[in-house]
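Here is the structure we will look at.
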């Protein structure tokens, strides 16, 4: 590799020694600058949604709306309780002597104390140098070459990384187990009452922000889990593409379910339960077909019952995500990381085709059984707009995988290849010997070590 071909990251000071082919990276503590942002944002969204839902429940109770109050409290408490369990499990606090933290978790204030802990660690580490406790190693993709990056990780940075990963998973739980069903419920109540209550409007806005953030975090987590050996850098264009993709997909799905529920109220529960049960039992059916062992999946010191409980909650989250949008990963309980590393283009295409047909059927049934409330609305235009919005979400998804995915150079086949082969399998063996659309990394490429001191 020539010296001028190396891109210098802004956060490092580079000293390139061409004699021994080693790039030495000197870190001046700038890695921790933006670490707590995602933690603070997730905590603020959690508290804002919990408080606004509690206030709305109190208003519904005063108006003697028992059903609305019950569902609002359910969609408020269930994700809150699961969030406490997730944070406790990730940080492994059950066996530690931390009574205050456990008490706050019982009071559903676990994210608040975790956020304060992360901020204290961050502000203490900003202007303080500390000895490293471990070496981290990742691979960076630079102009078709594999560059092995090795850096020293201090105790504060490792603690912040643990907090950040825990809060990312908390954001996904809050978005898909709380915000999405809560938004669906409040939109249905607004249509039925023909009036937008200010407290309900505030809750719906917070739900939208939480869903958007949770969907982005879900997509980014899927990339980091699947390409765990690589240092992934997601560019602004990829974030914009993912925001448009996820926003249109979830908004269309929620709108279709709400409209369908206003016309055929008693049928929306079987439709939702059928979706949830299908995606819940699908990973278990594949696991039983492979005849895997439960003790290999989560923790070695877990009993079979504990492993089943953790996997059940994990599968519930996976199913809830797939009810409203593509989860971007496939569960595999026979693998220790519980995730399939291989990109499943066939399953992705099958999911979006099936979801498009389902949305079309639901919106068609709503069109024929709609109430008089929609007389002043051009319903055929609304149906067409919903179908176009879902099609646009698929288009942005294809654009993301084709042009914006940070690890697209590692794909054996890109989106163009899959679309070309989806209907015709001729010449598959011939195309395998041809050069793919993205240049593959050379197996004989030198690995260049980068050391952060």
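Count begins at 1; order follows the chain as displayed.
Positions of Cβ are set from backbone N, Cα and C atoms, glycine also.
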Discussion item. Between 102-123, 124-145, I'd like to know which one TrEMBL lists as transmembrane segment.
Written reply: 102-123
Response to the item:
Residues outside the transmembrane segment (381-401) whose C-beta sits under 8 Å from one of its C-beta atoms, at least 6 past its ends, are 238, 241-242, 244-249, 251-253, 255-256, 326, 352, 355-356, 359-360, 363-364, 367, 408, 411, 414-415, 419
Fill in: Surrounding residues of the transmembrane segment (102-123) on its own chain - C-beta under 8 Å, 6+ positions past either end
32, 35-36, 39-40, 42-43, 46-47, 50, 77, 80-81, 83-84, 87-88, 91, 93, 156, 159-160, 163-164, 166-167, 170
